[in-house]
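*Asks:* For reference, the structure I am asking about is given below.
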Amino acid sequence: MKLSFSLPSKSKPKVTATTADGNNAVDDGTSKEFVTEFDPSKTLANSIPKYVIPPIENTWRPHKKMKNLDLPLQSGNAGSGLEFEPEVPLPGTEKPDNISYGLNLRQKVKDDSIGGDAVEERKVSMGEQLMLQSLRRDLMSLADDPTLEDFESVPVDGFGAALMAGYGWKPGKGIGKNAKEDVEIKEYKKWTAKEGLGFDPDRSKVVDVKAKVKESVKLDKKGVGINGGDVFFVGKEVRIIAGRDVGLKGKIVEKPGSDFFVIKISGSEEEVKVGVNEVADLGSKEEEKCLKKLKDLQLNDREKDKKTSGRGRGAERGSRSEVRASEKQDRGQTRERKVKPSWLRSHIKVRIVSKDWKGGRLYLKKGKVVDVVGPTTCDITMDETQELVQGVDQELLETALPRRGGPVLVLSGKHKGVYGNLVEKDLDKETGVVRDLDNHKMLDVRLDQVAEYMGDMDDIEY
């Protein structure tokens, strides 16, 4: 069986390029534009063509769109009514005489001229004909393969716009059935530096701008008086309301810049450098707030001292650790003198408890012992300012404790020199539990006997 069919050639949709004037133009890469005149009152027309790809017609199941047409009524014998016609037997269809009426069983007549293979071939040919018809319909609706000319006629960057323009879309017009305006594409920018999850760059910019404006307004208010003059001038008495020297009073001796002052502390020859926002006039509201805050802190400290039997841990350590040693003099008389054992060690954290030392600016400040220069004297590096303070006596200090689980060193008592972790601490009873890292034993100690250790185990001197 031979099968052959032919497909008619279809015309490809041509891509039209329209210029700004509406005229078609072909962008073949070698287009020329001739200038005939120069008119300064007119702007140059956009010579870049706008490509438009015509839409492809929807040919899916075209038979569904077809409608059955009503046949016109025949008017030949419309008025004559029904008529009977005698049946004329066709040749070869005469009824035999021996036919019997009633239920009869038909017998198959074997026709030698028509075989079974011919019937089967006839059935197969009908199925093949249906498939061929379906194949022809698919091939008729199949688009042609694109050629190189199709790719060269429209640039890649303008293909989407040209395709949408064929359906009536214009730049700035929304896409969709009920679109009112064009939706801008959301751009995702890569986060950098410390920008993590939940970071909002727009909000951070607003906060930074507000902070800068607030700081500038604050500086302007600090540096300018009511009459336009300078509020803080050299020789004026001021109060320090912020920073490490909070609460001290002094005189401005120098203004190295617009943001800093050099103040000489009253009652001493010490000079400190503070910011513009860290000083206030004597008798101002800022000074009153600062003094009230310091007073509240002192009251809280007094209540804490009363709760611990009226003595701090540093004073209690000194009173409990005092031993009396008797010595005989040449006259044969004996006298008692107090000998205070040293508990200072390097790499431990301490707190300054003296209000009079250094004008009180280091009161309740924490630091690290960097060197023990004498039995009861050491050098300390302050935590906040990294300032090195030399020649500090242990009477001005008390030990600082870490949080639960922090490293500690036992400084005195029967467990002196033990390095471990602080498991529990009771501030009311001034007791704690330390776990020794060597044998993992639990040791009961007083809190004034231990301090936070900030060094290595190799630095411990047993």
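Think of each number as a place in line: the chain as shown, counted from 1.
Using N, Cα and C of the backbone, Cβ positions are placed for all residues, glycine too.
Straight out of Swiss-Prot:
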- 1-10: compositional bias 'Low complexity' (COMPBIAS)
- 301-336: compositional bias 'Basic and acidic residues' (COMPBIAS)
- 156-202: domain 'G-patch' (DOMAIN)
- 231-258: domain 'KOW 1' (DOMAIN)
- 401-428: domain 'KOW 2' (DOMAIN)
- 1-32: region 'Disordered' (REGION)
- 301-340: region 'Disordered' (REGION)
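Tell me about the surroundings of these features in the structure.
*Replies:* Note: the domain 'G-patch' (156-202) comprises 12 helix, 0 strand, 35 coil (DSSP; helix = H, G, I, strand = E, B).
Averaged over the domain 'KOW 1' (231-258), the predicted model reaches a pLDDT of 81.
Same-chain residues lying 6+ beyond the ends of the domain 'KOW 2' (401-428) with a Cβ under 8 Å from its Cβ atoms: 307, 321, 341, 343, 345, 348-349, 434-438, 442-443, 445-447, 449-454, 457, 460-462.
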*Asks:* Sort out the residues at least 6 away from either end of the domain 'KOW 1' (231-258), same chain, that have Cβ-Cβ distances under 8 Å to it, and list them.
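*Replies:* Sequence-distant neighbours of the domain 'KOW 1' (231-258): 219, 222-225, 264-266, 271-282, 286-287, 289-291, 294, 359-362, 365, 384-385.
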